Amino acid sequence: MEGSLRRSALVVYGSETGSAQDVAEELARMTERLRFTTHISELNQTPLKSLLHQDVVIFAISTTGQGELPLNAQNFWKALRSARLRSGSLQSLRFTSFGLGDSSYPKFNWAHRKLYNRLVQLGALPVHPRGESDEQHPEGIDGSFLNWSTELRQHLLELFPLPNGITPIPDDVLLEPKWVLDFAPSPIIEQPTNDLPSAHDTSVTASEEEDLNGTNLVPPKGLLPIKGGLTVELFENTRVTPRDHWQDVRHIKLSSKDHLDYGPGDVLSIYPKNFPIDVDQLIHALGWSSVADTPVQFVPTQLVPGHESSYPPHPLFTTTSTQVFTIRTLLTNYYDIMAIPRRSFFSQLAYFTNDEFQKERLLEFTNPEYIDELYDYTTRPRRSILEVLQEFETLKIPWQRLASILPVMRPRQFSIASGGELKSSPQGDTRIELLVAIVKYRTVIKRVRQGVCTRYVESLQPGQSITVTLQKGGLGVSKTEGQRPVVMVGPGTGVAPMRSLIYERRAWSADSDGVSDAEEKSRETDILFYGCRNENADYFFKEEWEKIATDGGLTVHAAFSRDQRQKVYVQDHIRSHPKEVYHALVNRNGLVYICGSSGKMPQAVREALIEVFQGEGALDRDAAEAYLVSMEKAGRYKQETW
């Protein structure tokens, strides 16, 4: 390769929430600056043979559920695991990889490690040490990605040296995007098949909400054209916490005329929209008012006829390449203008100001030496992209480059809270219930922040239809487990999938064909450890638990952390009921399900269980830990946290 510019790089990713895709896009920009012909693709769209035609392949992969690959990587993983692939079949592949994980999960970065090991098993050659990030790191992904990517860049230059007289594309040179916006040839805006109105359509009913800047309209009600999307109707949006409680939690009930099959642990993805007041402010800040409502469409900038299949995909996967929008519609429905900006966002902004002071400030946020300043400016105060664009008032960003500057709006996943008899109405409609905590708080800079999706959910009205998608969750619950007891740990809104599981198991019990009376009578009682602050404020579904407990089959231990002088949590109740827990898990070969916050709770629960095994089983520490690990390997210890 030395002395030649015929060098190619393929960057592939498997991403559940978009973080791995962000990493992949940054790596693709890096290889492009090193003068590689660079392509980027999600793993499911990457044939195995295509890996062999690249000089280097870079994988960016996150882990989801119980150590699984993301949905958009599972087809690729299935092909990679094929028994027809022999050792050495990928020996011409040179690669490196970066994994995104969360150390609060037992199977930390498991998907990345499985992928890496399989590639090596098939003969692929690592050209750079693999890297991994931890969501629990104070600086998030950048805590390890910055150093890893810097070292990778230097290593690639050594492996693929540039010819004399040719240097990498300097950082101060703006790369040409693969797609830009341009005026549409027709003044008539195409509408998707499900009748999506433009974001500024005032024919929809206008409802009001209290906002930081006063009263403003809610997002338009039109459906979004989502690939694999389902239309559901909201028929209940009830606040289940007192008005004076610090947090607004909603019990959401949705219905569909279609039969939708789902089970405990499955998730519903909601696609949020931005609010008109925020869209208007961004349009004003960037000086796009004169073109905001003009028909535009995406056009490729470097497409060579006959090479369409290898060209980077359309910026919006859910739409067609010929669909026409307005900038206002794009900002309302498709781009996340309220997200906390990543470091790469600032590197893009720096190209669009001539003010030396502001340019220097923007570039400081991209410098690894100033990562603490970036954290203090963005993550700590939860500063949004909109606010950054307003504060750096000298920015002059061409509207044509919208897609290369702003991140795409990602769906937000919510664990389903319904199961068993709650899954259908008397009329036969499918019912789906959610328990959603509305994110709204005041930051260190005294500004109120609201979650993009939960603010949208809060605004939804009964009778309103929305587009959603339904995905299998990571708990892997099956009916075959019905005869074994389960120990469920679900504090706060983490109780949602536990409720689904409880009702589903009750339905299995009622429909226990082939189960003898003796087996039915020997069925063990399930145990739910629930935790919240106050019994009278956020003890969700209290009446339901009491009724089910009266009917038999469920024992509930609720921890209220603020109702007494000494704080009490779910792990404390586990320690307080060791015989009950030990009998269910060890004597009866039961299962553990843990759902809720991915902070300190999962590790605290794990520690409490180890202590139970030590005390009740007369085991030393190592033996107790080994038993818990054996439960994980056998699929008897499952965690789904967020």
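Numbering starts at 1 and runs along the chain as displayed.
Placement of Cβ uses the backbone N, Cα and C atoms for every residue, glycine included.
Long-range Cβ neighbours of Asp102 (FMN binding site) (same chain, at least 6 residues apart, Cβ-Cβ under 8 Å): Thr63, Phe108, Asp134, Glu135, Gln136, Ser598, Thr641. Marked as FMN binding site by TrEMBL: 62-65, 100-109, Glu135.
A simple way to gauge crowding: the CB of Gln413 (FAD binding site) has 18 other CB atoms within 10 angstroms, across all the protein chains here. The FAD binding site annotation in TrEMBL covers Arg382, Arg412, Gln413, Phe414, Ser415, Gly451, Val452, Cys453, Thr454, Trp642.
Within its own chain, Arg562 (NADP(+) binding site) has Arg533, Asn534 as residues 6 or more apart in sequence whose C-beta sits under 8 angstroms from its own. Residues annotated as NADP(+) binding site in TrEMBL: Thr493, Ser561, Arg562, Lys567, Val568, Tyr569, Val570, Gln571.
According to TrEMBL, the feature compositional bias 'Polar residues' maps to 191-206.
Mean model confidence of the domain 'Flavodoxin-like' (9-153) amounts to 93 (pLDDT, 0 to 100 scale). Residues or ranges marked as domain 'Flavodoxin-like' by TrEMBL: 9-153.
The annotation domain 'FAD-binding FR-type' is assigned in TrEMBL to 227-481.
For 191-216, the entry in TrEMBL reads region 'Disordered'.
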Checklist entry - Counting other Cβ atoms within 10 Å of each Cβ, which of the binding-site residues Thr454, Thr493, Ser561, Gln571 scores lowest? => result Ser561
Checklist entry - What is the separation, in Å, between the Cα atoms of Tyr569 (NADP(+) binding site) and Ser62 (FMN binding site)? => result 30
Checklist outcome for this item: Thr64 (FMN binding site) sits from Arg382 (FAD binding site) (Cα to Cα, rounded, in Å) at a distance of 25
Checklist entry - 10 Å Cβ neighbour count around Thr64 (FMN binding site)? => result 25
Item to check | Among the NADP(+)-binding set Thr493, Ser561, Arg562, Lys567, Val568, Tyr569, Val570, Gln571, as the record gives it, the longest Cα-Cα distance in Å | outcome: 19
Item to check | Separation of alpha carbons, Ser561 (NADP(+) binding site) and Ser62 (FMN binding site) (Å) | outcome: 33
Checklist outcome for this item: A correct count of other C-beta atoms within 10 Å of the C-beta of Arg382 (FAD binding site) gives 18
